[in-house]
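Now, the feature entries from Swiss-Prot:
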BINDING   5-12, 132-139  ATP binding site
BINDING   His156, Cys166, Cys168, Cys173  Zn(2+) binding site
Amino acid sequence: MTTLAIDIGGTKLAAALIGADGQIRDRRELPTPASQTPEALRDALSALVSPLQAHAQRVAIASTGIIRDGSLLALNPHNLGGLLHFPLVKTLEQLTNLPTIAINDAQAAAWAEFQALDGDITDMVFITVSTGVGGGVVSGCKLLTGPGGLAGHIGHTLADPHGPVCGCGRTGCVEAIASGRGIAAAAQGELAGADAKTIFTRAGQGDEQAQQLIHRSARTLARLIADIKATTDCQCVVVGGSVGLAEGYLALVETYLAQEPAAFHVDLLAAHYRHDAGLLGAALLAQGEKL
């Protein structure tokens, strides 16, 4: 059975056909509409899926935000503008006349990464460090989504009570410090206004401030991982995202994690999948997991 998988992100929309063998075919991509209106998103989704839907038997959506009862929510509702409560599942069912499921994109990616692990692993946590910090938790070979869809939003746990205000409305979240956006926001002087990619480049050239910003991010993530180990007793943590997979970053996280007491140590692995983990994870869940 073929799944039409859709990934809804802040900057792009992607879709592909994924067969029972897990192979991705006919991948398409469009920019996410700049206008945060239901009509604009519906029109963009229609344009995205119309060439593919005749070849699929079901639809699986991986989306940024919180998915609750098939609709789109956010930790900070203001972030969604007019898309708050957008009925993702209902919209795609109307567009395609196919059965549809929806899940948070990081939760979907966690499920894809879990499938790529050694068969002896039953408990893992996936963390994506990119523009933001997200994640997903697999416990006893089951993906945890929670009754309200919030499970795995580990970027919004507390890192520093005196830290910067996070977009979710809390103060001092991991995301506000460790993410690409957080790294860039803390830059000062000649690095002020630089994005995370530029800061990583400057760090590689020996810039002291850039190196300090990256170390701050890695240290914050290591502390989060120690907390995750204490909370879930996971067997491994898989790290992905543009920051998480940046050259040398995971090694830094490992260095800081090694400074924690031994009980909080856990194996760290680089993500197997990159851009298409959300698509693949959503399709895998549609094939065999009830949400």
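Each residue, glycine too, has its Cβ placed from N, Cα and C.
All features noted in Swiss-Prot, drawn onto the structure.
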residue	record	Cβ contacts under 8 Å, 6 or more apart
Ala5	ATP binding site	Ala15, Ala16, Leu17, Ile18, Ile24, Val59, Ala60, Ile61, Ala62, Leu279, Leu280, Ala282, Ala283, Ala286
Asp7	ATP binding site	Leu13, Ala14, Ala15, Ile61, Ala62, Ser63, Asp105, Asp276, Gly278, Leu279, Ala282
Gly9	ATP binding site	Thr32, Thr64, Asp105
Thr11	ATP binding site	Pro31, Thr32
Gly134	ATP binding site	Asn104, Asp105, Ala106, Ile127, Thr128, Gly152, His153, Ile154, Gly155
Gly136	ATP binding site	Asn104, Ala106, Gln107, Ala108, Ala109, Ala110, Trp111, Val125, Phe126, Leu143, Leu144, Ala151, Gly152
Val138	ATP binding site	Ala110, Trp111, Phe114, Thr122, Asp123, Met124, Val125, Phe126, Leu144
His156	Zn(2+) binding site	Leu75, Cys166, Cys168, Arg170, Cys173, Val174, Glu175
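Secondary structure at His156 (Zn(2+) binding site), taken from DSSP and collapsed to helix, strand or coil, is helix. Of the chain residues outside the Zn(2+) site list His156, Cys166, Cys168, Cys173, Leu75, Gly155, Gly167, Gly169, Arg170, Val174, Glu175, Ala176 have their Cβ within 8 Å of the site's Cβ mean position.
Look at Gly9 (ATP binding site): DSSP puts it in coil.
Each of the binding-site residues Cys166, Cys168, Cys173 was scored by the number of other CB atoms within 10 A of its CB, and the lowest score belongs to Cys168.
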